[in-house]
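The structure appears below as structure tokens.
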Amino acid sequence: MAHINCTQATEFILVGLTDHQELKMPLFVLFLSIYLFTVVGNLGLILLIRADTSLNTPMYFFLSNLAFVDFCYSSVITPKMLGNFLYKQNVISFDACATQLGCFLTFMVSESLLLASMAYDRYVAICNPLLYMVVMTPGICIQLVAVPYSYSFLMALFHTILTFRLSYCHSNIVNHFYCDDMPLLRLTCSDTRFKQLWILACAGITFICSVLIVFVSYMFIIFAILRMSSAEGRRKAFSTCSSHMLAVTIFYGTLIFMYLQPSSSHSLDADKMASVFYTVIIPMLNPLIYSLRNKDVKDALKKVIINRNHAFIFLKLRK
């Protein structure tokens, strides 16, 4: 990798979503509202799953981990983006930029692999219901979560080290609202061919493998549903999988648009809009997708609300 003698950047300036001052405050209010909804939705879902014993199953174990990743995923990006709306020049240090990129990649890859683990869980539940609790033991569930976290951390660490070993001397102005690969690579004066091949290989292998696991799992699930004689059984099986199918389609579709396209066709403005969708909107949507379309979660939420109301009435009567 060729290096050019130059003054290395010690900080970066994030351009943000817009240069129009009149849009910044409305966008700040909008994204702050979305972020608060994301935090409440995902943390609330985790607490609900932990509090209700009827939700202590492998399916909801994976869902609570997905909610945790969504919360972290959004929290890595959104607070800094909100600051960009309030300050004229949003400066981020070299080390903070590296940390943000590393954390972002860790949680993005974790989400992709967790969705694949959840697809396997759905496959076992629909295709082998009698063996479900035998196959999906606590040990297997922990492995299906630990492997994505471990792989994601190691891949993100290596990826971040490669990115920040490059020389940044052309400019320190990042045309994005967070530290991401494509905008950073446009600033470097180093040879980026190896880095771009690494991005393509990692994104391709990781996401294609994840998509294949999901695709194969759902092919077996669809065949199993079609073989069911009971219409009620087919409806229940489909309702079990529909939320996950929707979440998978939204997440992978956005990532394919972002990363699995030639670098020459990348438009940073289009990338910004796609990035908003999968770093801000998807973490907000997932709790809604999995809650509003899930009878067990809705019943557990009603139970919590009723119990709290009863406790409140009891305390009022004691007074």
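Using N, Cα and C of the backbone, Cβ positions are placed for all residues, glycine too.
Annotated in Swiss-Prot:
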type: TOPO_DOM; residues: 1-28; note: topological domain 'Extracellular'
type: CARBOHYD; residues: Asn5; note: N-linked glycosylation site
type: TRANSMEM; residues: 29-49; note: transmembrane segment
type: TOPO_DOM; residues: 50-56; note: topological domain 'Cytoplasmic'
type: TRANSMEM; residues: 57-77; note: transmembrane segment
type: TOPO_DOM; residues: 78-97; note: topological domain 'Extracellular'
type: DISULFID; residues: Cys97-Cys179; note: disulfide bond
type: TRANSMEM; residues: 98-118; note: transmembrane segment
type: TOPO_DOM; residues: 119-122; note: topological domain 'Cytoplasmic'
type: TRANSMEM; residues: 123-143; note: transmembrane segment
type: TOPO_DOM; residues: 144-204; note: topological domain 'Extracellular'
type: TRANSMEM; residues: 205-225; note: transmembrane segment
type: TOPO_DOM; residues: 226-239; note: topological domain 'Cytoplasmic'
type: TRANSMEM; residues: 240-260; note: transmembrane segment
type: TOPO_DOM; residues: 261-271; note: topological domain 'Extracellular'
type: TRANSMEM; residues: 272-292; note: transmembrane segment
type: TOPO_DOM; residues: 293-319; note: topological domain 'Cytoplasmic'
Report summary line: For the transmembrane segment (123-143), the distant same-chain contacts (Cβ-Cβ under 8 Å, at least six residues beyond its ends) come to 58-59, 61-62, 217-218, 220-221, 224-225, 237, 240-241
Query raised in the report: Which residues in the same chain, at least 6 apart in sequence, have a Cβ under 8 Å from the Cβ of Cys97 (disulfide bond)?
Result: Glu11, Phe12, Phe164, Val174, Cys179, Leu184
**Report entry** Sequence-remote partners of the topological domain 'Cytoplasmic' (119-122) [C-beta within less than 8 Å, at least six residues beyond its ends]
**Finding:** 58-59, 62, 136, 144, 213-214, 217-218, 221, 240-241, 244, 248
Query - Tertiary contacts of the topological domain 'Extracellular' (78-97), as residues 6+ beyond its ends and Cβ separation under 8 Å - result: 9-14, 16-17, 24-25, 27-28, 31-32, 34-35, 38, 164, 174, 177-179, 184, 279-280
Requested in this report: Might you confirm whether the transmembrane segment (240-260) is in contact with the transmembrane segment (57-77), defined here as three or more C-beta pairs under 8 A between residues 6 or more apart in sequence?
Outcome: no
Query raised in the report: Under an 8 Å Cβ to Cβ limit, what residues of the same chain, 6 or more beyond the ends of the transmembrane segment (205-225), are close to it?
Result: 109, 112-113, 115-116, 119-120, 122-123, 126-127, 155, 234, 237-238, 241, 245, 248, 252, 255-256, 259-260
Requested in this report: Using a Cβ-Cβ cut-off of under 8 Å, list the residues of the same chain that are 6+ residues beyond the ends of the transmembrane segment (98-118) and lie near it.
Outcome: 59, 62-63, 65-66, 69-70, 72-73, 76-77, 80, 92, 144-145, 147-149, 151-153, 155-157, 159-160, 163-164, 178-181, 184, 206-207, 209-210, 213-214, 244, 247-248, 251-252, 255, 278-279
